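The feature ATP binding site is assigned by TrEMBL to G112, T113, D114, G115, K116, T117, T118. Annotation comment: TrEMBL describes 110-278 as domain 'Mur ligase central'. Under the heading domain 'Mur ligase C-terminal', TrEMBL lists 302-412.
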Amino acid sequence: MFGLGVAGMAVANALCKRGETVILADDENTKQHQDFARGLNCEFVNTTDETAVMSVLKRIKRLAPAPGIPEGHHVMRVARQMGLSISSELELAYNFEELREGGPRPMLGITGTDGKTTTTLMTAAMLRAAGYQSMAVGNTETPLVAALDTDAQVFAVECSSFRLSNCEHFRTSASVWLNLAPDHLDWHTNMESYTAAKAQLWAHSRAGDVAVAPVDDARILKFAQESTARIVTFGAIEGDYHAQDGRLNSPHGSIMNISEMKRALPHDITNALAATAISIESGLVEPSDVARALSEFDNAPHRIEFVEIIDGVKWFNDSKATSPHASAVAIKSFQNIVLIAGGRNKGLDLAELASQPQRVRAVVAIGDDANEIEKAFDGVCRVVHGESMKEAVRLARTLAVHGDVVLLSPACTSYDWYNNYMERGEDFMQCVRNEANLNQQHSE
């Protein structure tokens, strides 16, 4: 087991519980890793020791990389050269579930560049509304392998490209591929590798499975057509599942009024259509269950999350947007935007950020790659630099006027200033609330 983060530890626990002999490995040799290995009575190897790594690779029958291990890592390269079997967390979990006493439980899969978590949570909510004990797992707080020993009756599985890589058998009875845009090119060697990983969602489908694809993306539709699954489409205007006349519609009739959804930004509607499609087409959910779930659904934090209104300016936290495509989706939701963007780029072209110049009035560039943000908006609008989140918020406040929106949508990872996007989002919201409190004090 290579990589001892949350998913790696969950896999190690599952393997040991099932009687496998496991060797643990990580690039870092910490007390936590040593204690974890000791607790499982497993050997631990620091992968910076190349001699030890070669010795281990010659002894094992299978390598299980954690989702955070890039495919270009030297251990991965050597393992492939040696012809070792390599299995991701999803693959191992799927194989365990196939051997479950009483048979495997249904799994619904969700992948895509953006919108995965929201669509996964929506799907799990629809399944709960239908009376199932469901869990949202995978690229969430709970890896699939860690959920296998729970009482869940059905799983909504968020399938990142990291987790879909190195799958030989993994499949779900119904699944959706939401969209495709460049991302994670710091992990994958190129766009072709990233796309191929996503395509594993349908690579092992069987007759009777359902592949849900966006009606307006020929690339994704082609992969669906190459599978053995039954194809169902969704789209904002066209598709088997679509929006029309202010309603969500399906082949089975109208589902609900869009106005009944708690939030209905353009991407909320397409995510809802995708979740509706796999839920209903799986045969597990009725249209009435969908309407009930969506009318009560609250989005996950840090995804175009409303924070405050200060002097007529609305502030939104979209810290989860770590790619230009994700930020472009957020920008499409508003007009008169003061954008806070930047961080550590993932090797992506940031030009897409400026693809809607009529919506962005000014930009506050932050983080390691602030200069790349400035370059993307060269000649488009005013750009200033913030050297901390506190300064960025104060600069945005000076730039924004009544009726504007200040949007933190970084298009980059948070790893320059923070441990994760959640920390970044929390810091942003605290800085905004501090500004709101100061404003309140001055007005009293």
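Cβ coordinates come from backbone N, Cα and C, glycine included.
Curation plays no part in TrEMBL annotations; they are all automatic predictions.
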Restricting attention to the domain 'Mur ligase central' (110-278), give the mean pLDDT.
-> 94
Cβ-Cβ distance under 8 Å, sequence separation of 6 or more, same chain as K116 (ATP binding site); the residues meeting this, in order, are I110, N139, E158, C159, S160, L178
Which residues, sitting 6 or more apart from G115 (ATP binding site) on the same chain, put a CB under 8 Å from its CB?
-> L178, N179, H267, T270, N271, A274, V329
Checked against DSSP, the composition of the domain 'Mur ligase C-terminal' (302-412) is 31 helix, 34 strand, 46 coil
Enumerate the residues of the same chain, G112, T113, D114, G115, K116, T117, T118 excluded, that satisfy the criterion Cβ within 8 A of the mean position of the Cβ atoms of the recorded ATP site; list them in sequence order.
-> I110, T119, L178, N179, N271, A326
Fewest other CB within 10 angstroms, which one of the binding-site residues T113, T118?
-> T113
Might you list, by sequence position, any residue in that chain lying six or more from G112 (ATP binding site) with a Cβ less than 8 Å away from its Cβ?
-> T119, V176, W177, L178, N179, L180, K198
Can you count the other CB atoms that lie within 10 A of the CB of D114 (ATP binding site)?
-> 25
